[in-house]
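Below are the structure tokens for one structure; questions will follow.
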Amino acid sequence: MQFILFIAIFFSLGFNALAMPVVAPNRLQGRSFKVERVKRNDHVAHGPTALRKAYRKFGIDTTTLNGVDVSDFQPFETQHPAPKSAQAAAGKSDQTGVVDATSVDGDVEFVSPVNIGGQTLDMNFDSGSADMWVLSSRLPKSLRSNREVYDPSESSTFEDLKDSTFRIAYGDSSYASGGVGKDAVSIGGVKVTEQTFGLPTDISQTFADDTKSNGLLGLGFSSINTIKPESQKTFFDNVADSLDEPVFTVRLLSNGVGEYEFGTIDKTKYSGTLVNVSVDSSNGFWEFSSAQYAIGGGAFHTITQAPSAIADTGTSLMMVSPEVAEAYYQQVDGAIFANNANGYIFPCTSSLPTLSVAIGSAYSATIPGSLMNWSEVGTNTTTGETVCYGGVQSSGSSTMAIYGDVFLKALFVVFDQRGPSLGFASPA
Ligand SMILES: *[C@@H]1O[C@H](CO)[C@@H](O)[C@H](O)[C@H]1NC(C)=O
Ligand SMILES: *[C@@H]1O[C@H](CO)[C@@H](O)[C@H](O)[C@H]1NC(C)=O
Ligand SMILES: *[C@@H]1O[C@H](CO)[C@@H](O)[C@H](O)[C@H]1NC(C)=O
């Protein structure tokens, strides 16, 4: 949970700048709203699925990962808990501007209720992409059995964008594509009257099988929106000008409750300094420099393969440069990289050190060992020991690290359009 300052050469200069009070402009028309994310603790999370999903999303080539096939590894079955319905979660919240969200499959993804033209659907908020798309009645029946979908013909405010199409591909095996329309979209009571989004007519089996989420709400930069011929703005970009401050903040608690807040930086949610780091949005992501790491309070080392990182709410795990993952698990007794577990695993009784990563050039964030223990994943048939799956895993061939929920859970994070920049602090 600690957010630790490490002394850099420009310490005093940097600190003075960061220590200035944040003065919120007092705009009369401003508004802000919250969206809560609530995790369920009643099931086993499935780490390998989470990692495979992330590799697909970023098109990461996993053949570069040199693991071993472990013959004495017996994986557990994946469990699929029933999701809380969007209607139940959203019902009470329309009045107050607060909505609940539910995690599914042990935080493999989080879903939050989104109201589209009066219909409420569970969607996954994703700061690592910039498309909004929702499963609808335009999808062939075979790809939407046993699930709620958006029905544009039931909405009087829906409008087709006739010649527009979208196609989003996450690596080679997972995609959604189809037509485009617009409708009123509201989240936590804040409405964008004409939000453009995709209505897929084709999705990969992976999305068809994911019955917990009815689509994605991208919170990345609109530059990577895939709508053609004219790309469209994200919900956040559309709403930002009318917010008190053009920000959304993310606070995920390791006990499972979390929330998104749009339009304000709530000072009661963090303690100490809010570190402001500049974002390179040229790839469309909330990407920042993170070029050093330290394990268990040891010395800092330079990160070579993936020295920048993106803050990605849509990825469950913390995916770091391969050399960082390797160095980390060298400090964990009995840890191995197992191909057939799709990642690093270790005996559940091993102790896990902290992992610190640089945030820009003057600060670092320290992720506690407890967050690095993603879940029990199987048994060692030689020893009978339970084997656990790492919350930190290799980002493979990627040249950027992907700091997902495992990282975000240790922090209070501000996604700020000014700059653009990211703010990080210890949660209160
Ligand atoms: C199982 O335990 C043996 C003996 O400690 C070890 O060599 C092997 O790597 C372990 N396998 C797994 C999957 O952890
Ligand atoms: C990791 O989590 C599992 C439960 O998911 C627990 O049984 C185990 O003791 C934990 N191990 C460590 C090192 O925290
Ligand atoms: C962070 O820095 C940017 C400039 O890079 C500035 O516009 C923004 O207001 C800062 N955010 C906070 C919360 O201080």
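The first residue you see is number 1, and the count goes up from there.
Backbone N, Cα and C define each Cβ position, glycine as well.
For reference, TrEMBL lists these features for the protein:
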{"type": "ACT_SITE", "residues": "Asp126", "note": "active site"}
{"type": "ACT_SITE", "residues": "Asp312", "note": "active site"}
{"type": "DOMAIN", "residues": "110-425", "note": "domain 'Peptidase A1'"}
{"type": "REGION", "residues": "76-98", "note": "region 'Disordered'"}
{"type": "SIGNAL", "residues": "1-19", "note": "signal peptide"}
Between the Cα atoms of Asp312 (active site) and Asp126 (active site), find the distance and write it as a whole number of Å.
7
Within 10 Å of each Cβ, count the other Cβ atoms and name the one among the active-site residues Asp126, Asp312 with the highest count.
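Within the set of active-site residues, the most crowded position is Asp312.
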Restricting to the domain 'Peptidase A1' (110-425), what is the model's mean pLDDT?
92
